[in-house]
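The S-adenosyl-L-methionine binding site annotation in Swiss-Prot covers Asn10, Leu12, Gly37, Glu58, Asp83, Asn100.
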Amino acid sequence: MNKNIKYSQNFLTSEKVLNQIIKQLNLKETDTVYEIGTGKGHLTTKLAKISKQVTSIELDSHLFNLSSEKLKLNIRVTLIHQDILQFQFPNKQRYKIVGNIPYHLSTQIIKKVVFESHASDIYLIVEEGFYKRTLDIHRTLGLLLHTQVSIQQLLKLPAECFHPKPKVNSVLIKLTRHTTDVPDKYWKLYTYFVSKWVNREYRQLFTKNQFHQAMKHAKVNNLSTVTYEQVLSIFNSYLLFNGRK
């Protein structure tokens, strides 16, 4: 493996595993797909067999040149040599996103594809522990993501599926976009609210009486078991108390 690869990656090379992943993506021949990380082009090739068009973004020069040579005759594939964190997804076109992403960039990339793209469905291969953190509504990331997408696990991918073999297991997850739970005009207030909420800085958000009213309205008996829906209710109370609604 080239030691100069920009972002340390673990590659999927097993035909069996790649086919299992493709099956889970439920792609159609009319789909346009943006792939994060071309790698060696194994998944790219399979995506292009089904989809109408695949645009694959790869930062590493060695991998880009390698995959460019491999895929140069494939008219359904467009390769882009760029950092995915700097890439601008289209605003009007309908598309899906697929990616086997570097573990250490998982948070940055998932925020990028959720908040800076209009993809209807997003499929990512991530570290299993990271997937669990995306579901945790006691964390900032979980509370932000849930406003835009629902998240589900599609496939478990043991460490043995990758080369080089990582120290952790991975999962294929699907993020399905839904109507936002927080309108744009309230987004900055929501991010502020979440930053204080997860750190339990309730006094920065409410007076003592307001806090009790918000808890009562949301039917919260125990803050350790609060649900996402209850947090949204508490946020709406925060807006009301501050004359924003």
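A Cβ is built for glycine as well, from the same backbone N, Cα and C atoms used for every other residue.
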Which is it, of Asn10, Asn100: the one of these binding-site residues whose Cβ has the most other Cβ atoms within 10 Å?
Asn100
Fewest other CB within 10 angstroms, which one of the binding-site residues Glu58, Asp83?
Asp83
Ordered by sequence, the long-range same-chain Cβ contacts of Gly37 (S-adenosyl-L-methionine binding site) under 8 Å (at least 6 apart) are Gln9, Ser56, Ile57, Glu58, Leu59, Ile84, Gly99, Asn100, Ile101, Pro102
Among Asn10, Leu12, Gly37, Glu58, Asp83, Asn100, listed as contacts of S-adenosyl-L-methionine, what is the widest Cα spread in Å, to the nearest whole number?
20
For Leu12 (S-adenosyl-L-methionine binding site), which residues in the same chain are close in space, meaning a Cβ under 8 Å from its Cβ, but six or more apart along the sequence?
Leu18, Ile21, His42, Leu43, Asn100, Ile125, Leu157, Cys161, Phe162
For Asn100 (S-adenosyl-L-methionine binding site), the three-state DSSP class is strand
Can you see whether DSSP assigns Asp83 (S-adenosyl-L-methionine binding site) to helix, strand or coil?
coil
Using DSSP, would you call Leu12 (S-adenosyl-L-methionine binding site) helix, strand or coil?
strand
